[in-house]
Each structure stands twice: as C-alpha cells, then as structure tokens.
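One structure is given here, and the rest of the page talks about it.
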C-alpha cells in the first residue's frame, strides 16, 4: 500500500498515482499532514511518498518525524520528493535522513520513472522491511523457548542470549552482550576440548555433546549442547548458534527446524509418548451384545460423546454456554441459542494438536498428512500429471454391459452390500479394474442413471475414464482404493439414520465423490509436492493441492466428451448444486481439516442428538428431524461420511486391514526413498523401509485419527461390526508391537 502526501494535485502526484495503478499497488492520497497521519494509522502503508518541494504548504520533515514516532512506522519506507536544481550545487541528504526519510526522489513526473522507483522500492527497501518484520516472530520464538540459546558473531562476540539462558547461567543480558566468550567465565576452559569444538565448527560442521558450563555464582553444570555455524555473506561463517539443555531434564526432547538460509534455528519440545489409547474412547465397551444389544450400545455411544478427547477450545466454549443455559431465564437462554448457532457455523473447530502426547510415528503422520510441507529454496522440481495426457472416453476399450459380466466377477461381487465384502478378491478377478464393475453394480442399486437422466453406456464410459486415470503403479492410491471407498460409502448410505437424513441428490454426490476422490493421485503426499515445487502445488498455491486436483480433473474429464458426460442432461441449477456437493466432499478428504470436521460433527450433531435422547425425547421426531436435516448439518454428515469411508481400513476385517497397511506403508517408503534421492526434506522419517515399525505406525494412526472419528460416526450411524473389527485390529497391532516385531505379520510358528 502506498500513501501519497501532496498538498495539491500536479504532474508529479499524478505520475505516482498512475505508476501505482500500473504496478497493482493500492494508493491513498492525503492533502494535509493531519489527514496523512490519520490515514497512515488506519491503513499502515508500506510506502509513504511526501512532497518536500513546497515548504509553504506544510513542513515535510516535521510530518516525517511525526509519522516515525508511531509504532506502525517501524517498517515503513518513507520517500521525500525534492526539487530538481540543475544550476545549484547538490544539497546534502543528511537532514532528510535525520528526519526519518528512507531516501529521496528528485522530481520527475514521467510515469515510467515513477513506476521504476516504486518497483525498485518493492524489491529493495520494502522487501527488506518484510524480512525484518518476520524476524520479530523468530525472536519471539527464541524468547519463549525453554532451551538456553546464545548467538555469537564469527569472532565469538556474544550478540544475543534468550531469557532461558539468563535463568540457567545466572547472568543478566546486559552483562553478556558485546563481550567475547573468553571474557565471560561460562565454560570450563579445557584447552584440548575447546580446540576440538572449534576445529569442528570452523569448517562449517555442527558440534553436539556434553559440556560443562560455569554459572555466574561459580557453580558448574552439565549441559547437552549443540553448536551450529551459520553461513552468511560471502559464503563465510558469520554467526554461531548454541542451544543448551540441562542434562537432568529428561522429559524434553529437541526437535530442530532450520529456516532456509536465514540462519535462525528454533527448538520446540514435546513430551514423551504415552499410550494414547488410554485417553481415547474405549471401543471395547461398544462390542457387548444382549437381546437389545444394539439399543444399549447406541445409548452408551451417545453418552460417550460427552467425554470425547478431541475437545478444541471452541468445544469448551459451547459446553460452558450449554451449562449456563440450564439456569438462565428464557430471554438469555434464547440469546445463547443464537450464539451457539453462530459458533457452529464458523471456522472455529480446529483443535490444538499439541495437547496429545506425540511419539515419532504420530508426529510424522501428522506432519506428513496435515501440513503442506517445508519450504525449500533449491531449484528441484517434481513434475507430474499437470502435463501428462489423461485417458479420455474415445481412447478406451468398449465397456462390457452390466448384464454381460463374467461369472467370476459376478461371484466376487455377490456380497457387496455387506461390510465384510472382499475388495481384493474383486481386484484379482477384474485384473486390477474393480472400479468399473463395482461402480456399475452400486450405481444401479442406487438408481444413479435415473437421477442423472443418463444412459447406462454413458455411465460405463464415465467409470472407465475415471478408472483409467487412477495410477495402477501406486501400491495404495489406485482404483482398488477408490472402489473400496465407493463400497464403504454405499454401505454407510444404506444405514437407517443416514437414509433418514440425506436427500437423493446427496446420495448421488456421495457416490460420485467417492469414485473420483483420488483420481490421478501420484502416490505422493501434499507435503512432498509442495517441497518439490511441483506444478500442481504451484497451481493450487500449496493449499489442498491433491484434493483440488482430483475434483477439478474429475469434472474436466467428465465434461470434455459427451460419451462419458453423465451430467449432460441435468438442469443447470441442479447440476450446480450437485457439483458443489461433490467438490465439498472431495475437499473434505484433505487431512489438514480432519479435526475441524470431526469437532463440528460432534458438536452440531452427536451432542444435540444425545441431549434429545437423554432427556427422553426419543419420540420427538420433529426435534430430531430438525437436527438431522438442516442444510448445514447435512453438509457435515456428508463430509464425515466420505472421511470415514476414505480411511476405514482399520475397521475392515483383519486380513484386509493388514493388506491395506502393507500397501500404504510401501507407498510412504517409496516417497521417503525419492525424497532422499532428490535431496528433499523427508516428510515422514519413520517411514524408512529399513527401520520402520508398521505396527507402531498403525497404532499411532488409529489412536490419533481413527478412534475418536469412528466413535462419533458409530454413535450416529450404529456400526457395531466396524467397531469390533477396529478393536480386534488394534489388539493385533499392539500384540506385534509388544513382541518388538516391525513387520505386517508375525513369523511362522
């Protein structure tokens, strides 16, 4: 943003106005010092250009000094426009600098001259100020770090220590800054030992080890120290960063995160891993059965929702408001109802992930699945699919009719309405083309062609195009995974509570979204693509990269050829509604918003339903219907449905669960291999094929992502068989881990 301070409009002010427009900068104009100061305090401009040519209108230097006294001006670039004197001696710039100006501009109203000045400012002073602003956040992290941090110059002059360093060593910061290390008795001067450290760090290598330091009071303390040389201007070492931890501090571990070439190192701490299962909802309590086992279990599921471990801050707020409503007069209770309505429809449900103790497997899974990667400054690029030729209807073999399916495939799909359906048997029978056949059968069962007003041959062509654009070379994200998610989606849609809630258009959207939700998946995570600078990551601004690509490509492939355009006969408004629902469901499979979706579902659906049941309102059909069928809640239910279908592997029968675990592990192993080959950040270091414990990774995944989500979904949809499988599978992985086994299966007896 640019603020122009000119008392009167003239060619120079117009030149800068037009230059701002050409450069795409937002521009404000002030005519008086008062209005300039007021405008700046409101907008916080990056650049201020003050007319210094006419002292009779206002004192430019006084205005600059006034602006510089304000806090927001700390990182603002201020330019003074001065007269051009061809016949006079060049005047000194020092008065301008003293007044607070960054630099001067000798008047020149030529638009290109003004434009060039702005562009030079943007890539010079303004960009430098942005970096300085960013440094404030880095120093805030250093100030709050509980590790003792010291930064010295290349000559070992102390330039910075954080409060933790002051506390540990007993010095005040003023006693240390500007002193050479040799002037301050902060270490045991063992010459040979110090020479060893210096010989290591002076050649650019970091040193880590045990180190005895002497506090101000003379006490000697043992520390675990890491010293890192920081390369700066001219490719030389310009700083040393020292991070110290007392050796008896057993409950902390260091996790370092180096930030590009800035030379700043931040350290964060985590607690030792505890068995998160103890703090999660106990799925074993859901598996007991009696003559009325289902209703008893559903009641306990609803009650369990109140103690869910995924509480975000907003959940606590809602609970407080609910409690306050019970003892409030009617007007207050109604007002609080409106507050709850607002809270339940805004983006306030993401939890604080740090509240769950992390082990390496969990933190790697969270880092790999819930972030968009670490920034990288190299030129490495990972090019995929954006330029590849996608399969279209005309290039495919003529599809087989639903009435002409081979007997082996028909037999493999016989029990597709049941949860224990074996997708791998169908994969083998169809030679890795299960999606077309299962899709034809499930879509026929749900009457999709009738709803879309399209022919069966169009649907067959569409299914073939979608399946052809899944990568069969991926061990996990291939068309078998898509068929598996489609099967789970159809199974959930058949549950009574779900059928009561969703409209036909919702069912169609869910089945189509399940089919396309991973189309053209490259077998790599979003973090990998962002780190590698892939074309897709650039296209989608490092945000929900794959999910955005899946949704966009699905519609591109569908609408580019009438032969497979299942939407071609739909009425425009209905198509828009369906399209929006499909996109929303595909984007919901992105894991960065996992906890937000689960929290919203729990607070907007589980808890209101539980409250109605606990208050004896089972027969109050209208109240339940209101909760279930509001447009906002139907969206939450559809998101939860496809999320559960997408990662339901741990709830499948044990052999299927094991097979899926092996496939996803292999895909992560391949990614780690490629990251190492390309010199990219390793997003999930535990997924190293030589050292990974698959049981531990599955235990972490179930604890962190699966348990709470399926408890919530079970409380809504009544899924005792899934919860029994989940419990069995968790015990299986736990048993392998307790035997210190890292493989998918125990060795033969």
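Glycine is no exception: its Cβ is also placed from the backbone N, Cα and C atoms.
Noted in TrEMBL for the protein shown:
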type	residues	note
ACT_SITE	477	active site, proton donor
BINDING	477, 478, 479, 480, 481, 518, 646, 698	AMP binding site
BINDING	481, 517, 518, 646	Zn(2+) 1 binding site
BINDING	518	Zn(2+) 2 binding site
DOMAIN	134-204	domain 'PAS'
REGION	278-301	region 'Disordered'
Seminar exercise, completed: Row residue 698 (AMP binding site), column other C-beta within 10 angstroms, all chains, value 28
For this session: For the domain 'PAS' (134-204), provide the mean pLDDT of the predicted model.
Result: 77
Exercise. Which chain-mates of residue 480 (AMP binding site) that are at least 6 residues away have a CB under 8 A from its CB, listed by sequence?
Worked result: 423, 424, 427, 432, 434, 435
Exercise. Which chain neighbours of the Zn(2+) 1 site, leaving out 481, 517, 518, 646, have a Cβ atom within 8 Å of the mean position of the site's Cβ atoms?
Worked result: 477, 482, 485, 514, 521, 589
Exercise. On a count of neighbouring CB atoms within 10 A, which of the recorded positions 477, 481, 517 is highest?
Worked result: 517
Exercise. How big is the gap, in Å, between the Cα of residue 646 (AMP binding site) and that of residue 517 (Zn(2+) 1 binding site), rounded to a whole number?
Worked result: 9
Exercise. Distance between residue 698 (AMP binding site) and residue 517 (Zn(2+) 1 binding site) at the Cα atoms, whole Å?
Worked result: 23
Exercise. Relative to the Cβ of residue 478 (AMP binding site), which residues of the same chain, six or more apart in sequence, are found under 8 Å away?
Worked result: 432, 470, 471, 472
Problem set entry | Pairwise Cα distance for residue 481 (AMP binding site)/residue 517 (Zn(2+) 1 binding site) [Å, integer] | 10
Exercise. Non-local Cβ contacts of residue 479 (AMP binding site) (under 8 Å, 6 or more apart, same chain)?
Worked result: 432, 433, 434, 435, 466, 467, 470, 472
For this session: Just jot down the residues in the same chain as residue 518 (AMP binding site), at least 6 apart in sequence, with C-beta under 8 A of its C-beta; none if empty.
Result: 470, 477, 481, 482, 485, 546, 550, 589
For this session: Would you count the other CB atoms within 10 A of the CB of residue 646 (AMP binding site), including those on all shown protein chains?
Result: 23
